[in-house]
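Remarks on the structure that follows.
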Ligand code: AVJ
Ligand code: FE
């Protein structure tokens, strides 16, 4: 059992480092130190920050070892330095940053060998190792976003997502009302904000079978959705007016055709793919235009986890098995979402598709603690972000590794954000008719 955990921790750390190498070895050093957007860190900051977090948690705290580079802690403290200011910090140069992260890792593997994986909350079930692997994978997703923002060619390659034979799927699925278990107290590597498991009452509602597609979103654009104030939350209207936003980020109109830039390449916007790079405000406005609304976070989780036969909550829509390539589009295996309606093996018991993977899904909910929440092991992971400023996203995108993706996993961001791999689906109360008036 312990050896099994050790192996899992080692595999998770190794997979994260392999991906970090792909994301930082695919460009020249100049691209690692450049700032490609004020919204993002230079890639070389992420790289050394990954190593520094690992040093702090696994070497010093878990391993009780002496600090390797205590003098750089402050440079890589995300709270001391906002992203826009990071290029002016005395950052480790690319070769140094690689060496540092590698040095830390070498010592951490020794710590992993010698640590008892029980008897303390931080190391029970190898939690801290799982947490650090998730942290690295989250920064890998951040670096993938930076590559998407970069101009010029992006030397990342991946096969196209699988194409599943088209099926006649219903547009929406009825999720019954009643209580369900939200969050978890048993998932070993679940982070503090996913805990504890608790009962939630949800009224019956209809949930879109798939995420909203680019084609559907184009109808909103063509109908003048960006020009009509009534669809928009006041702060969203303000944002699109101030910045002249008329379409999802990376979209560009050429005559009657919509093009988008995806990892350095210009291509036609695919009508049947889930829409990507929309803000919460754009998702909210679309839903209002469609006579619908965003699902609450609890509704999303009930749709994703509730098994109406047993009444229990699953780890994933398809059951308790870890994701494989037939369940969901995760882990940068593909560099785009799969077509809406794909991944039949990933469907929920009620038939909702693609809840996990493809695109992060905005919910209507603010990022708030669950009843009984306790910050662990540090307040700066979740607690300092709780409040009405941040909206919750669920389900993970193609750029999220399975280690950082579960039915209970919670992501959050500001409602103006659109460089992230964000999409959405819509819902409505049971008994309320949608725009199509089904
Ligand atoms: C959970 C994705 C919002 O990237 O800001 C990384 C994850 N926390 N380092 C972020 C995180 C600390 C976090 N998100
Ligand atoms: Fe971080």
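Using N, Cα and C of the backbone, Cβ positions are placed for all residues, glycine too.
Caution: TrEMBL annotation is automatic and unverified by curators.
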Fe cation site partner of 135, 139 (as recorded in TrEMBL), chosen from 36, 49, 243, 277: 49
Close-lying binding-site residues around ligand 2 among 83, 85, 413, 417, where CB distance stays under 6 Å: none
Listed in sequence order, residues not in 49, 135, 139 with Cβ within 8 Å of the centre of the Fe cation site Cβ atoms: 46, 50, 53, 136, 138, 142
Reduced DSSP assignment, residue 84 (gamma-L-glutamyl-L-cysteine binding site): helix
Where the record names 83, 84, 85, 86, 413, 417 as binding gamma-L-glutamyl-L-cysteine, the maximum Cα to Cα distance in Å: 20
